[in-house]
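Taken from TrEMBL, the feature active site, proton acceptor applies to 174. What TrEMBL records for 35, 36, 37, 38, 224 is substrate binding site. The annotation ATP binding site is assigned in TrEMBL to 69, 124, 125, 126, 127, 128, 129, 130. For 130, 162, the entry in TrEMBL reads Mg(2+) binding site. The feature domain 'Galactokinase N-terminal' is assigned by TrEMBL to 10-58. Positions annotated as domain 'GHMP kinase N-terminal' by TrEMBL: 96-181. According to TrEMBL, the domain 'GHMP kinase C-terminal' annotation covers 286-367. The feature site 'Transition state stabilizer' is assigned by TrEMBL to 29.
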Ligand code: GLA
């Protein structure tokens, strides 16, 4: 759907008015490598997608905030003085949470608005549809209020909305990628300091293929929190070897070799090993991409998946089957799960001549082995919020 069509739907929903509506857009994101690293203070390498969430906003005279969407049935109507007093348990909690955080930071929503969302990201697939809604709301409302739009601050307040209002204990990666993406570039983000740089993502005749397992991500929140607790436990124990350790990802793999006997619980040790080695793989990936060594990058993607499956244990049968099938295609350089895990999507780097075959064969074999139908998106890297 193009912007003109979304505006028409907006007018059908909210009616004509002398004031023209404004349009904003935030992408989804795919994490290329660096999984379950953001809350461990290390490096991640996500990229913005070419599809995302479009937001049409128009001011209202009567101090009401109204929220509606083209692709989700729930709507909300909130009086200016009552923002954040109630949670609905629906998608509208994301924008409301952002309004609460804006007010906390001295940018209260002080006028009524109609807000109309059009989402192109499959919900719950691990491509950050919620971060996209949050970031586009923060950016759009700041713009409408005549405020500056600092995209790092917008990422932070969007994460805070998710942590505090929605109640999901996520790290900073998703909101940061959505807010600060750049076309044809990945973002190397240091999650402790939020220093970042855009790394050219030029894959020549290779394409990124995202595979949606369409497996519902059951238990993802409780398992996610459990992983965070296990990492905190590992950190606590490792402080007996290195008192000034602030985050797990500060350790190099060779330091970990020296200290790992302090982690007597095998599960906790495995979690820590994943984090420390995955962090090193992110830096190695940046070197490989900079040197245009896509084969090496693909190899690191494969290692990342295997570690998420065996050490961090956040994969699931559906993700493993899709990755296995992806790796059977000769033009696949690497394939891994992306995002929190327990369902959601895979990401593969595939030679353009083999993409059709990939979609057909991985799709057929995935269906035969799991009974589920996967969806595939061949996609480039898009811009951040605008
Ligand atoms: C989810 C969270 C992120 C990050 C990833 C795992 O997407 O929202 O903060 O922790 O999982 O890398």
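The chain as shown is numbered from 1 upward.
Glycine is treated like the rest: Cβ placed from N, Cα and C.
TrEMBL feature annotations superimposed on the structure.
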residue : record                             : contacts (Cβ under 8 Å, 6+ apart)
29      : site 'Transition state stabilizer' : 46, 47, 48, 49, 127, 128, 131, 132, 173, 174, 177, 178, 181
35      : substrate binding site             : 44, 278, 304, 308, 312, 314, 336, 337, 338, 339, 341
38      : substrate binding site             : 44, 171, 172, 173, 189, 191
124     : ATP binding site                   : 216, 217, 344
125     : ATP binding site                   : 212, 214, 344, 345
126     : ATP binding site                   : 217, 338, 339, 340, 341, 343, 344, 345
129     : ATP binding site                   : 28, 53, 119, 121, 122, 123
130     : ATP binding site                   : 91, 94, 162, 166, 168, 174
In all the protein chains shown, the tally of other Cβ atoms within 10 Å of the Cβ of residue 128 (ATP binding site) is 29
Closest by Cα to residue 69 (ATP binding site), out of the binding-site residues 36, 37, 224, is 224
Cβ contacts within 10 Å for residue 162 (Mg(2+) binding site), all chains included, total 23
Within 10 Å, the Cβ with the most other Cβ atoms among the binding-site residues 36, 69 is that of 36
For residue 224 (substrate binding site), the nonlocal same-chain Cβ neighbours (under 8 Å, six or more residues apart) come out as 169, 170, 340
Grouping DSSP H, G, I as helix and E, B as strand, the residues of the domain 'GHMP kinase N-terminal' (96-181) number 49 helix, 8 strand, 29 coil
Near substrate: residues not in 35, 36, 37, 38, 224 with Cβ within 8 Å of the site Cβ centroid are 34, 39, 40, 44, 171, 173, 227, 340
Sequence-ordered list of residues in the chain of residue 37 (substrate binding site) that lie 6 or more positions away and have a Cβ within less than 8 Å of its Cβ, or none, is 43, 44, 173, 191, 249, 275, 278, 279, 282
